[in-house]
2 protein chains.
Amino acid sequence: MRRWNGWGDDSDIFALTDDARAFVRERVGDGVPSTDATREQALKTVPESRVKSPLFVTDAATRLDRSRGQSFPDWIAMRSGRMGPYADGVAFPTTHDEAAVALAEAKKIGAIVIPYGGGTSVVGHLNVPAGDQPVVNISLERMNKLLKLDETSMLATIGAGTPGPQVEALLKPHGYLLGHFPQSYEYSTLGGWVVTRSSGQQSYRYGRIENMFAAGRLVTPRGELDVGGMPASSAGQDLREAVMGSEGRFGLLTEATVRVRRLPEREDFHGVFFPSWEIGLDAVRTMVQSDVPLSMLRLSNEIETETQLALVAGHKTALTWLNRYLRLRGIGQGACMLMIGVTGSEIECNHSRHRALDIAASFKGAHVGRFMGKAWAKNRFRGPYLRNALWEAGYAADTVETAINWNKVTPLMRAIEQTARDVLGKENEKVHAFTHLSHVYRQGCSIYSTFVFRSTGNFEGDYERWRKLKSRLCETMVEHGGTISHQHGVGVDHAPYMPAEKGALGMDLIRAMAREFDPQAMMNPGKLFV
Amino acid sequence: MRRWNGWGDDSDIFALTDDARAFVRERVGDGVPSTDATREQALKTVPESRVKSPLFVTDAATRLDRSRGQSFPDWIAMRSGRMGPYADGVAFPTTHDEAAVALAEAKKIGAIVIPYGGGTSVVGHLNVPAGDQPVVNISLERMNKLLKLDETSMLATIGAGTPGPQVEALLKPHGYLLGHFPQSYEYSTLGGWVVTRSSGQQSYRYGRIENMFAAGRLVTPRGELDVGGMPASSAGQDLREAVMGSEGRFGLLTEATVRVRRLPEREDFHGVFFPSWEIGLDAVRTMVQSDVPLSMLRLSNEIETETQLALVAGHKTALTWLNRYLRLRGIGQGACMLMIGVTGSEIECNHSRHRALDIAASFKGAHVGRFMGKAWAKNRFRGPYLRNALWEAGYAADTVETAINWNKVTPLMRAIEQTARDVLGKENEKVHAFTHLSHVYRQGCSIYSTFVFRSTGNFEGDYERWRKLKSRLCETMVEHGGTISHQHGVGVDHAPYMPAEKGALGMDLIRAMAREFDPQAMMNPGKLFV
Ligand SMILES: Cc1cc2nc3c(=O)[nH]c(=O)nc-3n(C[C@H](O)[C@H](O)[C@H](O)COP(=O)(O)OP(=O)(O)OC[C@H]3O[C@@H](n4cnc5c(N)ncnc54)[C@H](O)[C@@H]3O)c2cc1C
Ligand SMILES: Cc1cc2nc3c(=O)[nH]c(=O)nc-3n(C[C@H](O)[C@H](O)[C@H](O)COP(=O)(O)OP(=O)(O)OC[C@H]3O[C@@H](n4cnc5c(N)ncnc54)[C@H](O)[C@@H]3O)c2cc1C
């Protein structure tokens, strides 16, 4: 069963090796484990529902299980059993029309609506506002069917509540795939991806969800909006753009038509080590700006490279040999690992692999073959399981992500890590911060940093540590000219930084758009903008 | 000097050969030439200006030259000398700040503002509304400088009034190109492209202007809006999308930052002939859906293939040999010509050419080498010159364009041509209609049809013929599910068909966006939506 207060199925336990434990202890000190609340304790905090409508399920467990996402505040709320406020009920429409009925019913009873996809938000998208107005979730989870497949135009229409593995399972028998692989793939849904402008690990080949999303149906408090459908258009505003990034504030996305591809003949991941971050970064930028058609370029900085080898890479003897080989190639302290995804037909893969490895070699990159790539591919969705294990050992983990133009990547990457160390350094706490770039564009790339620090052992202390860290990190990103979010969206955690990115008039525009769809402001208030 | 009532420089005359003349006569009958008004006659129709502000130039010639675009109604208005209503004055800002001052001045004097780029609109974007309110143009033509070049991120910031050839001339000394080549390239401007969502001949490699436009500065009646700047973002609405397609209704775009590329090492265009439209279409779709990295795929239908060979291809003996060769390869009646653009580094070009020609061969395509491609490339911006020549011979020409998913391309393409023949057939007039597809996407492609018919010899008659043709063609496109415009935008001619594409709520949204930027509705009223 899916963990009610963490990530993944509860039968799937990620064990920290002794070496990993020692590595973390050495970096940040001894862990301070907390005592987690039990599910029974948490359930007791769910108050009676304020809605009485046959459309909304109101038992405590159903409401508890949809009251939080996976942000750091969500995480510590779940672990400490302080998960409220709770929605008063949850609707489970199975069709577009039923979704429209559920929304109309919510409007009738004067309830706030929070659309619920897979519950994997990491920025507080799903948080229930306190107050007198009743709140309901409309969960899309039963809208999970393949509704239409146009094989000539390579378009699939799929229920918005379909989670990643099921999207691919629906397409695979027909010989197609979508190719959207966020790290939250196991639980996040098609609709959630679209309304948060998500980006998957192989966005370099498959595009961001923005590039896949061809058409959709949005149920708003003012009626239905059908968007998209044409391959391209110059007819005024592209209304798909209103749906994307709307984070539940404009309406419910019930069905999405996405551009699919034929299953690739072949896929490999290759590891390459560079002598330094700067050289690796130049190599990656050169590959992208030379149009080498790869499916992924994921460059870890020095600290992440070291951390990955220590925490997840496995076999000690293999690592010893790897290090010997790298030293022979002149790569030692400061090595940075690049993971290259090569996907497509045999002929495409041969062409791309050669071109990528040629460029890598011209930047002194040492190709270590596919064994590191195989390990990466095997563990590509395992990262979040580590968070469970670290928490149980008394450590907190969080991430931030942004994107910026190539000319500013290194200064911002360094500033992010340094800011984290400085913020907790003031309290004589250490942060183990490490970074990779994983989404690349001709113009720039994303930056994704992870922070591991000691838990305080209690909710207030952990929240305070996180709050300081998060706010200074967001400020750092904005000051450097990075986006407040490359892939996680805005929710409540990033909302204060939106005006810096969009400008005052831009914020007015977004608010005006929301008013047009939702004049009574019943849809997911407090998210995206305040 | 640029022609005041037609296309191109007036020293550049496109002569119809006798064969071409005979071909057109055979298809639609004898031409009915009109007597064009002289520039002096037209100038006399310019009334006194209603604005008295040093910022606006008010002489008759300056106003006349910016009162019309290149739509069919514009064309016959220019030819007949009925070009009014005219703007009362034209401002020529040279910087962003001067543009803001000009807009503020227009607001102060209660004038309507029509931003003016290159004047190449073909849908009535620039038409001056009649009425009591004064109207001014703000022309961006003096904002034509390279303001910034970030070679690491491959971004160039350029004045919005810069026309195509100058954009490339600014970049070329640095080793870059933009690669936006609409057929109107010679005169259309960067700002015009962005606000009309333009698409150039090599959009398959370089993308639509939508893909190139990274950031911009918009001066609106409510202040400045800076949009974009990051390589990608999931932070709510992408405000570049508000600027794109705004057609002068939201504000003035003064500067645009675009993604540039290194000048390609090599570029070739290859001609391939297919035995039929259906086979050619399948071949093109297969190339696109197999990710062959080409720069152009332009497939002419049977009638366009024949017409191109008759009107522009030149040397008779070469044509005779071409026909013999094609017959040997089993290609005769119904042949369709595909032009394939191959652009990039030597290694990329070799790879792409092989893959494309392999696919072509598997669909019975006969590769005729590069000589047809060279002819195409030489004449790639010459099409509009033909319109001058046809007009002088007594023939009118107009085009329509749309885009639709692959599964509906052939039915819509046939319906467009048949509709045109039916509409004028009712008056016992013939239309020579021919079509190509030139912008391709995994999901579908654009359809571009040209119509040649006899002029009536007078404005009213020509207008009436066009009105019937245009309205039935737009209805046909919308009924089939095609977009009302793939590349020309909306202006006044397509505005009535917008609700069919965007829906009632979608139109409300676009209107709400305009109100937010322009509460007094002073910006280009009547365009985009009514
Ligand atoms: C461990 C982990 C790894 C992650 N990795 C990535 C990653 O690699 N890339 C990435 O992009 N994101 C990642 N995320 C973030 C998250 O998975 C995405 O934001 C995802 O798109 C959310 O989808 P969901 O279905 O879970 O939506 P939810 O979390 O349920 O909801 C998110 C927001 O969307 C709204 N919403 C959801 N569905 C609909 C709908 N059908 N109609 C209207 N509104 C709706 C909700 O109201 C809410 O505001 C990660 C999260 C976690 C926990
Ligand atoms: C022969 C011919 C061939 C063509 N071929 C193509 C083609 O291949 N592909 C294609 O996409 N289009 C084509 N077009 C259409 C036309 O060239 C495009 O619509 C072009 O983008 C218009 O640019 P412009 O600078 O001429 O704008 P204009 O015609 O001057 O203006 C068009 C609209 O944009 C607004 N505008 C212009 N500049 C600004 C600015 N800086 N800020 C705010 N608003 C502004 C105007 O107010 C107006 O509403 C063709 C036109 C012709 C005549």
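We number each residue from 1, going along the chain as drawn.
Cβ atoms are placed via backbone N, Cα and C, with glycine included.
Look at TrEMBL and you will find B:83-263 tagged as domain 'FAD-binding PCMH-type'. The FAD binding site feature in TrEMBL is assigned to B:PRO115, B:TYR116, B:GLY117, B:GLY118, B:GLY119, B:THR120, B:SER121, B:THR196, B:ARG197, B:SER198, B:SER199. Sequence annotations record features per position, and here TrEMBL assigns site 'Important for enzyme activity' to B:ARG298. The annotation substrate binding site is assigned in TrEMBL to B:ARG387. Annotated active site, proton donor/acceptor per TrEMBL: B:TYR448, in sequence order.
DSSP assigns the residue listed as 'substrate binding site' to a helix in the three-state reduction. In sequence order, B:ARG197, B:SER199 are the recorded positions among B:GLY117, B:SER121, B:ARG197, B:SER199, B:ARG298 whose C-beta falls under 8 Å from a C-beta of chain A. Around the Cβ of B:GLY117 (FAD binding site), the number of neighbouring Cβ atoms within 10 Å comes to 28.
Ligand 2 lies under 6 Å from the Cβ of B:PRO115, B:GLY119, B:SER121, out of the recorded positions B:PRO115, B:GLY119, B:SER121, B:ARG298, B:ARG387. Rounded to a whole number, the C-alpha distance linking B:TYR448 (active site, proton donor/acceptor) with B:ARG298 (site 'Important for enzyme activity') is 10 angstrom. If you measure from the Cα atom of B:ARG298 (site 'Important for enzyme activity') to that of B:ARG197 (FAD binding site), you get 20 Å. Each of the binding-site residues B:PRO115, B:GLY119 was ranked by the number of other C-beta atoms within 10 Å, and first place falls to B:PRO115. Take B:PRO115, B:TYR116, B:GLY117, B:GLY118, B:GLY119, B:THR120, B:SER121, B:THR196, B:ARG197, B:SER198, B:SER199, the residues named in the record as contacts for FAD: the widest Cα to Cα gap among them comes to 20 Å. There are 25 other CB atoms within 10 A of the CB of B:TYR448 (active site, proton donor/acceptor), with all protein chains counted.
Between the alpha carbons (Cα) of B:SER199 (FAD binding site) and B:ARG387 (substrate binding site) lies a span of roughly 21 Å. Less than 8 angstroms from the CB of B:SER121 (FAD binding site) sit B:GLY69, B:GLN70, B:SER71, B:ASP74, B:GLY192, B:THR196, B:HIS488, B:GLY489, B:GLY491, each of them six or more residues away in the same chain. Taken as a whole, the domain 'FAD-binding PCMH-type' (B:83-263) shows an average pLDDT of 98 in this prediction. Cβ neighbour count within 10 Å across all protein chains ranks B:ARG197 highest among the binding-site residues B:ARG197, B:ARG387.
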